[in-house]
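Comments concern the structure below.
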Amino acid sequence: MAAIVIVGAQWGDEGKGKATDILGGLVDYVVKPNGGNNAGHTVVVGGEKYELKLLPAGVLSETATPILGNGVVINLEALFEEIDGLEARGADASRLRISANAHLVAPYHQIMDRVQERFLGKRAIGTTGRGIGPTYQDKVGRVGIRVQDIFDESILRQKIESALDVKNQVLVKMYNRKAIVAEETVQYFLSYADRLRPMVIDATLELNKALDEGKHVLMEGGQATMLDVDHGTYPFVTSSNPTAGGACVGSGVGPTRITSTLGIIKAYTTRVGAGPFPTELFDKWGEYLQTVGGEVGVNTGRKRRCGWYDSVIARYASRVNGFTDYFLTKLDVLTGIGEIPICVAYEVDGVRHDEMPMTQSDFHHAKPIFETMPAWDEDITGCRTFEELPQKAQDYVRRLEELSGARFSYIGVGPGRDQTIVLHDVMES
């Protein structure tokens with residue numbers, strides 16, 4: 001029995017999809033425990049590139065059962081568009097299962113999201129506008145709509161009418177928008193009920209039974225540690241807990257059943273949207289990482305902000321999640337760049353901080369303290385063992401490992417599933 005949690009260690013886009021794709025073929029279940037269609041990931045299988053948003057990367061596994069857990073917020077229109085797109089390319093999504101307790105994104109959530117961001121102007125957080133935050137707000141406010149609700153029309157109608165009593169007041173009186181008609185939202189959800197019904201299960205029961213039977217479960221967290229609503233760069237965060245603890249809550253698998261926690265981290269750092277970013281680059285190297293690394297958001301098409309590796313964040317992520325292992329990705333992007341700076345600490349108002357500053361105000365003012373290491377010029381995309389890497393690449397990896405708080409067990413040297421060096425197998429941990 002193995003229960004492995006995959007967590008992004010930075011601000012997302014670290015390569016979680018690749019890690020899930022590799023491990024997904026070795027497990028019986030792949031679970032997405034949080035998030036929605038606001039964070040995409042790219043998976044390359046058999047030379048084919050798949051861009052997934054709501055579905056877990058495990059949907060591309062030929063054997064694993066993919067599950068959307070209770071912590072996910074689901075846009076049904078986006079869900080079925082993604083399923084249809086995969087099946088049109090020959091992929092089989094028929095094994096997908098969905099927790100009855102997952103919450104649903106209503107059209108009015110998307111409207112509220114976009115209107116609020118527009119109203120905030122320069123103070124906007126930079127959301128994707130897909131209604132994720134407002135859906136989580138309704139969940140916490142106990143006025144949300146869950147998957148199970150669309151199979152009972154009277155409950156569904158009651159919940160929607162109750163929610164719109166308040167939301168229409170806000171839309172009309174505060175934002176000068178038209179009121180939303182409740183019946184249109186009711187019919188929107190009912191139109192998906194028949195197709196959705198065969199997919200819905202008691203996911204918590206299913207997963208715990210599987211673990212009792214000695215089966216293997218992989219939990220694929222969305223977003224990343226630094227976007228966690230509690231542990232991230234608040235308020236420039238998502239509305240859920242994409243950390244290891246959140247994976248337990250969003251799946252119904254208890255923390256004592258977790259056998260490994262795998263942090264996914266790039267050999268440099270990226271971020272999408274607003275918020276502090278101490279190692280961000282504004283010169284030719286930022287453009288270089290953006291271009292060579294293909295740093296454009298899968299979900300939004302926005303260019304990602306790029307910067308050097310930040311070991312302060314790596315140590316923080318390791319501590320918050322209790323990482324047993326790290327999966328280092330995109331090492332190949334750093335080939336041939338001369339010298340590679342590594343952020344080892346921050347300076348805040350003249351004081352050195354080796355760990356994450358306690359306050360967001362200090363983090364906003366943090367200046368990186370760098371040490372540099374020489375880069376390598378050799379092509380490493382064909383390396384399959386650590387010893388095949390150039391010595392300078394080996395030295396860089398080992399230095400990052402020393403600084404980051406957990407052992408490096410996987411190294412990505414290209415986008416393909418096979419372009420991975422395995423130092424330690426978490427399935428055997």
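Counting starts with 1 at the first residue shown.
Every residue gets a Cβ built from N, Cα and C, even glycine.
Small disclaimer: the values here were computed from a predicted structure and weren't measured.
Now, the feature entries from Swiss-Prot:
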- 12-18, 40-42, Arg304, 330-332, 412-414: GTP binding site (BINDING)
- Asp13, Gly40: Mg(2+) binding site (BINDING)
- Asp13, Glu14, Gly15, Lys16, Asn38, Ala39, Gly40, His41, Thr128, Arg142, Gln223, Thr238, Arg302: IMP binding site (BINDING)
- Asp13: active site, proton acceptor (ACT_SITE)
- His41: active site, proton donor (ACT_SITE)
- Val298, Asn299, Thr300, Gly301, Arg302, Lys303, Arg304: substrate binding site (BINDING)
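Around Leu331 (GTP binding site), the C-beta neighbours below 8 angstroms that are at least 6 residues distant in the chain are Ala267, Ile380, Ala393, Tyr396, Val397, Ile411, Gly412, Val413. Non-local contacts of Lys303 (substrate binding site) by the CB criterion (under 8 A, 6+ apart in sequence, same chain) comprise Gln290, Glu295, Val296, Gly297.
Largest Cα to Cα distance within the recorded IMP binders Asp13, Glu14, Gly15, Lys16, Asn38, Ala39, Gly40, His41, Thr128, Arg142, Gln223, Thr238, Arg302: about 34 Å as a whole number. Neighbour counts were taken at the CB atom with a 10 A radius for the binding-site residues Gly12, Gly40, Gly301; the maximum falls on Gly12. Secondary structure at His41 (active site, proton donor), taken from DSSP and collapsed to helix, strand or coil, is strand. Most Cβ neighbours within 10 Å among the binding-site residues Thr128, Gln223: this distinction goes to Gln223. Considering only the binding-site residues Gly12, Lys18, Thr128, Gln223, Arg304, the residues lying within 10 A of Gly40 (Mg(2+) binding site) on a C-alpha to C-alpha basis are Gly12, Gln223. Candidates Asp13, Gly15, Thr42 (binding-site residues) were compared with Thr128 (IMP binding site); none lies inside 10 Å Cα-Cα. Taking Cβ-Cβ distances under 8 Å and a sequence gap of 6 or more within the same chain, the neighbours of Lys18 (GTP binding site) are Thr42, Val43, Val44, Ala57, Thr329, Gly412, Pro415, Arg417, Thr420. The Cβ neighbour count for Arg304 (substrate binding site), using a 10 Å radius and every protein chain shown, is 22. Nearest neighbour of Asp13 (Mg(2+) binding site) by Cα distance, taken over the recorded positions His41, Gly301, Arg304: His41. Looking at Gly15 (GTP binding site) and His41 (active site, proton donor), their Cα atoms lie 7 Å from each other.
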